[in-house]
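Contents: one structure, followed by commentary.
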């Protein structure tokens, strides 16, 4: 009887390398899948390491373009910030990784998929809910959650089975990175009072070390999609990576956040999202210029729900396409250029222009060129305030009647 096949989300790190051997010992043929979503991973090294450790097959996928266009872009257009701070760096990549795991499982005839998440984090939920939504017939395995070893026990298992141990194993932090940013937790960061050491950061410089001269960038959008940076056209994923470099050297995008995890605990996380935070700010400013008041005031309701949906692992739920349909409709006129000054940790929008601009200078000006009909304000104010006026009149009358009644009684 042939062995069962399992498709493993493989990073090349200690946990998933040990998982290959552990799953093999459990009787599975392991197929490793590694994705590059913008963290600069050496895909060939990851592929070869998986085979060396014991995988029967190893797939590597450069998914930066798909990640940026299908997952990051909707989050940008939704200004998706969980709890108004976190740009959903890791949460956005999980549905894409799940999608690729399921696709390869179906191609190879695998009966199961596996991930390297612990039993304490959000990612286990994101992976398993996504996989169940895409193919309910696949079994989902979580080796790290199941074996529940200490770090020392895991290292001992690796040594015993000749599994290569990463040279950065002494790094106290748990890091996840993609083109939308970098997340960092554990070590001293677990103390919410402790100042994050500079060694916890990689994409951004400290404000004290940032240049003393600002840098101006111009970001061009077409229907809500960032397409140019300083006049040069880029694919979305390349534009984000380029902006990470530019904004990061000015200390833009550091976020220190105590967040409410999906599993019920609070967690202190440190994020670096220079490109993401710059783009979100620029995109919103362009929307302020091109969206009507009603759309601009309602959109944050949808944005909050989209952020929660992504964070909570519900990308493939029925609600997501419904929210996306609204989002897509709002972007039809979000075309133009935004000028941003990057300086000492800040991304400051200094200018915006669009052929769809709803800003009319002749209506807004206080100069002699003013074309606003001031006399129209009289009737508008009367009608606008009428409900409040009527309410006040009625209640004043009722109060007077009540006072007279109390005097005579």
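Even glycines carry a Cβ here, placed using N, Cα and C.
Within 54, 109, 116, the residue that Swiss-Prot lists together with 9, 10, 11, 12, 13, 14, 15, 16, 17 for binding ATP is 116.
Cα to Cα, residue 11 (ATP binding site) and residue 271 (L-citrulline binding site) are separated by 20 Å. The Cα of residue 86 (L-citrulline binding site) lies closest to that of 123, out of the binding-site residues 13, 15, 118, 123.
Cα distances from residue 259 (L-citrulline binding site) to the binding-site residues 9, 15, 17, 123 are smallest for 123. Comparing Cα positions, residue 122 (L-citrulline binding site) lies closest to 9 out of the binding-site residues 9, 13, 17. Take the CB of residue 259 (L-citrulline binding site) and look out to 10 A: across all protein chains shown you find 17 other CB atoms. Residue with the densest Cβ environment among the binding-site residues 11, 17, 118, 183: 17, by other Cβ atoms within 10 Å.
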